[in-house]
Amino acid sequence: MTATNKQVILKDYVSGFPTESDFDFTTTTVELRVPEGTNSVLVKNLYLSCDPYMRIRMGKPDPSTAALAQAYTPGQPIQGYGVSRIIESGHPDYKKGDLLWGIVAWEEYSVITPMTHAHFKIQHTDVPLSYYTGLLGMPGMTAYAGFYEVCSPKEGETVYVSAASGAVGQLVGQLAKMMGCYVVGSAGSKEKVDLLKTKFGFDDAFNYKEESDLTAALKRCFPNGIDIYFENVGGKMLDAVLVNMNMHGRIAVCGMISQYNLENQEGVHNLSNIIYKRIRIQGFVVSDFYDKYSKFLEFVLPHIREGKITYVEDVADGLEKAPEALVGLFHGKNVGKQVVVVARE
């Protein structure tokens, strides 16, 4: 039995900001069966995740970025995190009807071979399935690992989160508040700033686009300095943060979205503060911490069910909307976690 299979194809390697014209939206056919003698599963993709790291994979293969993930192959569907339902299985640990989240191609149907720390069976369905693209998936685990494992927070510390209304930042802020920290976030619009203060419980927030002097803005928000910085932006923001860090401050480098579309990345000028203030800066990738995923679920699920942790999604309906949604991410058009709905069942 065959079915039509819509796909989002990368035309060629991307330079600068991606545009919708960098992608083709095509329709092909797929055999609705698993190849004999394999451990593969056939899945119907339900939700797809738009994430900043995907821009890195759109560029030409590079030894540095290869340490994070392989570049996409032009002419093939792009890949990312998604939520899928199994419709046929050749894998002993998965059966028809099971739900999983993990890496899939941007298409309606995919044949995948589930791998440890790349695909996870969904056991808890009393929460929105789309949460497994965000709050309960890679971004949520990123926030948890980066804050607790990398930053080693203590009650009463000051925490700054950039890109704070995004998929990762909105959870980092809530985790920090639960720790008894003083939390400030930045975002790129009044709507997002209001969200940080009214929805996510940040103590303060500011629109970085309205600040002519980021160093002064941070000094205003943190008159006694910053203990922890959760880095999602890079560039000028990192420069301003370094001046405002406290002694023995910690910086968890999760992302640098301000740099991904630049031909020549911006330099950072205030690095001497790392020495003077004994600042610890650590880059991290969420896959290094997936062995703690079950611990993460045990921690976060009760808080979600009790309404102590909330999450905002920006939902695009239909696979044909996926290129627009992904491109919009790099212009700050999304409010909250950007999700693409391929199918709800």
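Cβ atoms are placed via backbone N, Cα and C, with glycine included.
Per Swiss-Prot, NADP(+) binding site is recorded for 52-53, 163-169, Gly188, Lys192, Tyr208, Asn232, Cys254, Tyr260, 284-286, Phe330, 334-336. A simple way to gauge crowding: the CB of Gly188 (NADP(+) binding site) has 18 other CB atoms within 10 angstroms, across all the protein chains here.
If you draw a 10 Å sphere around the CB of Tyr260 (substrate binding site), it holds 20 other CB atoms from the protein chains shown. Residues or ranges marked as substrate binding site by Swiss-Prot: Tyr53, Tyr260.
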Residues satisfying Cβ distance under 8 Å from Tyr53 (substrate binding site), sequence separation of at least 6:
Leu68, Ala69, Gly255
For a quick check of packing: other C-beta atoms within 10 Å of the C-beta of Gly336 (NADP(+) binding site), how many?
19
Reported as an integer number of Å, what is the Cα distance between Ala167 (NADP(+) binding site) and Tyr260 (substrate binding site)?
17
